[in-house]
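Novice: Structure below; questions to follow.
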Amino acid sequence: MLASLIGGIFGTKNERELKRMRKIVEQINALEPTISALSDADLSAKTPEFKQRYNNGESLDKLLPEAFAVCREAAKRVMGMRHYDVQLIGGITLHEGKIAEMRTGEGKTLMGTLACYLNALSGEGVHVITVNDYLAQRDAELNRPLFEFLGLSIGTIYSMQEPAEKAAAYLADITYGTNNEFGFDYLRDNMVFSLAEKKQRGLHYAIIDEVDSILIDEARTPLIISGQSEDSSHLYTAINTIPPKLRPQKEEKVADGGHFWIDEKQRSVEMTEIGYETVEQELIQMGLLAEGESLYSATNLNLVHHVSAAIRAHFLFQRDVHYIIHDGEVVIVDEHTGRTMPGRRWSEGLHQAVEAKEGLAIQPENQTLATTTFQNYFRLYKKLSGMTGTADTEAAEMKEIYGLDVVIIPTHRPMIRNDQNDLIYLNRNGKYNAIIQEIMNIRQQGVAPILIGTATIEASEILSSKLKQAGIHHEVLNAKQHEREADIIAQAGSPNAVTIATNMAGRGTDIILGGNWKAKLAKLENPTPEDEARLKAQWEQDHEDVLQAGGLHIIGSERHESRRIDNQLRGRAGRQGDPGVSRFYLSLEDDLMRIFAGDRVVAMMRAMGLKEDEAIEHKMVSRSIENAQRKVEARNFDIRKNLLKYDDVNNEQRKIIYSQRDEILAENTLQEYVEEMHREVMQAMIANFIPPESIHDQWDVEGLENALRIDLGIELPVQEWLEQDRRLDEEGLVERISDEVIARYRQRRAQMGDESAAMLERHFVLNSLDRHWKDHLAAMDYLRQGIHLRGYAQKNPEQEYKKEAFNLFVNMLGVIKTDVVTDLSRVHIPTPEELAEMEAQQQQQAEAMKLSFEHDDVDGLTGEVTASQEALNDSATEQQTFPVPESRNAPCPCGSGLKYKQCHGKI
């Protein structure tokens with residue numbers, strides 16, 4: 001009430017922003033006559049002039065009016081398109097590091113060229129980030145003539161790209177690519193063995209297309225680069241036989257003989273007591289569990305991991321909804337966009353469990369080598385902006401997490417689309433039949449094109465089957481028709497066209513009423529001017545016919561969890577002032593209604609005695625649906641915030657490690673760095689045998705001499721020194737031993753020569769850093785899985801996580817230094833040939849490393865057991881079984897033949 005009163009007096013924040021920006025637009029428009037009078041050569045010459053002025057200290061803000069006027073004039077000459085005033089406002093919004101919400105069809109791609117051009121003048125590079133490779137390639141090629149006319153270079157990055165080509169793309173003034181590729185390149189750049197192998201040159205300015213999809217929908221799923229771990233396919237195959245013998249419990253707190261409880265909201269499962277006993281008996285019969293042994297003993301947690309993954313695969317993940325089978329492989333379907341995600345795999349053994357369920361070849365599990373989240377990656381940019389048709393519903397989250405304001409850009413022409421009330425049916429069959437009947441009614445009335453939005457591939461195929469039975473020609477656009485996507489969308493506005501699309505979010509192509517005559521022309525082998533004239537004339541007639549029929553009709557077959565994605569579907573109609581109609585058809589069996597809408601609504605509708613083909617429109621039901629969506633949005637926001645709290649801790653550690661790595665790669669010699677490591681390791685080693693501030697009787701001098709001999713291969717007469725100098729205290733001893741160890745290292749270094757020594761140092765430091773960072777990521781993942789249990793002890797899980805993570809990090813740094821010092825002390829002096837071979841192997845390892853790129857499952861926050869937990873628990877248990885040797889480099893007492901530090905002493 002108060003907010004609306006203040007807004008009525010002073011105007012809303014958005015109105016004030018638009019008023020300020022319109023003054024800048026007036027300045028740009030005032031320059032148009034002058035800029036229009038320039039020749040092509042003079043117009044192109046403006047770019048080097050602007051760059052020089054920027055280098056001389058003039059700010060981009062000061063250059064903006066003139067630069068925007070130049071970009072608009074160039075677009076008019078090269079592309080035949082002139083930026084509208086509202087697009088200029090959008091360009092200013094992007095330049096100022098904000099989100100521009102612009103309705104579908106208002107020209108976001110053209111709007112983005114303004115901010116790209118202005119910010120490219122700094123010479124630090126602009127990244128334009130899209131949701132898929134097709135859009136990145138399309139937008140780059142569409143804008144290439146404009147930017148090249150203005151003297152700017154343009155590049156595109158994509159997966160499996162040649163390294164030299166990708167490096168060149170990053171060096172361009174403007175680089176197009178997907179959010180996944182930019183994120184993975186950042187991680188890959190921090191796994192290289194030389195600075196020359198790095199591709200990204202810095203994160204200066206980014207414009208994110210469909211910013212809500214990338215920063216909101218995909219923010220929940222961390223980016224992971226992982227490598228293959230040991231093969232356990234036999235376990236997946238064996239345990240896959242268990243879930244069909246189990247049945248779910250209907251209610252969480254009511255025991256009804258069920259074996260497990262499903263939490264659909266969290267996509268997790270929890271076994272009941274009966275479930276534990278049943279699974280234990282099955283495992284005993286298979287010989288995977290010893291008689292009388294508990295499934296939850298520390299040594300059997302790997303079995304819990306496999307059983308949990310198998311149950312989730314059978315009961316939570318459905319074929320043609322969450323994944324499809326393509327060429328004998330399980331391919332994930334993005335629930336937000338309906339696109340397949342080839343090469344991506346679920347983690348926590350879930351992907352292998354699904355492969356076992358489908359009877360496919362089981363690929364090995366993956367171990368995390370590097371990880372980050374989109375939230376933290378995009379916050380690394382000095383300036384970030386975005387554009388979308390729907391962001392206002394998530395404006396609070398954009399501001400809280402990314403510090404981005406949302407500016408709603410007015411439309412060039414008024415919106416006249418007719419958004420009709422939802423119709424709610426008793427079940428899905430009744431809903432689908434009503435949709436078919438509505439399509440037939442629309443077709444009887446005229447030639448209006450129809451777009452049907454579905455939430456899953458399964459729903460699209462059911463509707464497709466019913467349309468075939470009704471004899472209605474139609475196109476289907478889902479993950480299975482990815483290759484034909486552009487063609488299908490291009491003609492979805494043609495007269496009488498019926499198109500079924502799974503999750504229209506992020507499709508990125510406008511639906512033009514009457515169809516796309518240019519797309520038809522492009523399909524002809526040798527088009528003539530007559531062909532062009534004929535197709536254009538036909539389109540003009542079709543366009544007019546479709547307008548008279550009421551424009552594009554949108555039929556939503558289900559409400560999405562997010563109001564924003566519903567709005568994206570609606571937004572396909574009514575572009576640039578065109579007419580259009582939209583309506584959603586719902587049923588009580590829809591997931592949103594079933595899980596979130598509440599039993600009261602369902603009970604009320606059943607009590608009304610509705611028949612299958614009857615629908616209701618009721619304010620209470622509509623409110624319940626909207627409240628359900630708000631609940632889901634709030635829950636997802638909480639999940640993202642929670643993920644960010646924990647990843648912020650990881651992020652600080654990641655930045656330290658990556659910064660340290662860059663310093664190591666940049667240094668010609670690491671001698672000073674390695675010598676400092678020697679001092680720190682000596683101090684820690686001596687403290688183990690000579691406790692700080694202790695008396696001589698507590699000193700274990702013999703143990704210290706043995707450790708120096710075993711770990712470093714150095715014989716030092718420490719006892720003799722103490723006898724000769726009674727005043728030698730703990731501090732003096734640390735200094736004397738460190739000096740002696742460093743002196744001997746310098747002798748070995750001199751024997752190797754500076755060049756060979758520098759290479760050997762870099763090799764050992766990077767290998768140790770990467771190896772232990774990888775193990776640290778697994779330990780951090782395990783820590784996060786179980787940290788919620790600290791809440792039962794009246795402790796704050798977040799604070800406990802920070803404390804434990806810090807201890808793990810400090811411990812990791814100590815182990816890295818110890819490994820480097822011991823390896824450098826004991827390695828034999830290599831020949832030049834051995835050094836060359838070592839370098840070649842390292843390079844080969846970097847290039848041949850089999851990496852897979854995943855989106856991690858956010859359900860990890862709920863505390864499920866994971867592979868990393870299994871490994872750590874096994875390790876912890878076995879450490880208690882065997883005695884700890886005097887040195888970490890001594891053979892492991894378990895008899896494996898490995899060093900203790902590589903076996904049961906592994907941290």
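Glycine is treated like the rest: Cβ placed from N, Cα and C.
What Swiss-Prot shows for this protein is this:
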- GLN87, GLY105, GLU106, GLY107, LYS108, THR109, ASP510: ATP binding site (BINDING)
- CYS892, CYS894, CYS903, HIS904: Zn(2+) binding site (BINDING)
Novice: In the same chain, which residues outside the set GLN87, GLY105, GLU106, GLY107, LYS108, THR109, ASP510 have their CB within 8 A of the centroid of the CB atoms that define the ATP site?
Specialist: MET102, THR104, LEU110, MET111
Novice: Of these binding-site residues, GLN87, THR109, which scores lowest on Cβ atoms within 10 Å?
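Specialist: Looking at the binding-site residues GLN87, THR109, the Cβ with the fewest others within 10 Å is that of THR109.
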Novice: Give me the non-local Cβ neighbours of GLY105 (ATP binding site): same chain, 6+ apart in sequence, Cβ-Cβ under 8 Å, ordered along the sequence.
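Specialist: Looking at Cβ-Cβ distances below 8 Å from GLY105 (ATP binding site), excluding near sequence neighbours, one finds ASP510, ARG575, GLN576, ASP578.
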Novice: Using a Cβ-Cβ cut-off under 8 angstroms and a sequence gap of six or more, which residues of the chain neighbour GLY107 (ATP binding site)?
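Specialist: Those within reach of GLY107 (ATP binding site), by Cβ under 8 Å and sequence separation of 6 or more, are MET81, HIS83, TYR84, GLN87.
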Novice: Hey, what's the Cβ neighbour count for GLU106 (ATP binding site) at 10 Å?
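Specialist: Result for GLU106 (ATP binding site): 24 neighbouring Cβ atoms inside 10 Å.
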Novice: Assuming the binding residues for ATP are exactly those in the record, GLN87, GLY105, GLU106, GLY107, LYS108, THR109, ASP510, what is the maximum CA-CA distance in angstrom, rounded?
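Specialist: Looking at GLN87, GLY105, GLU106, GLY107, LYS108, THR109, ASP510 as a set, their Cα atoms extend up to 17 Å apart.
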Novice: Highest CB neighbour count within 10 A among the binding-site residues LYS108, ASP510?
Specialist: LYS108
Novice: Which secondary structure state does DSSP assign to LYS108 (ATP binding site), in the simple three-class scheme?
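Specialist: SS state of LYS108 (ATP binding site) = helix.
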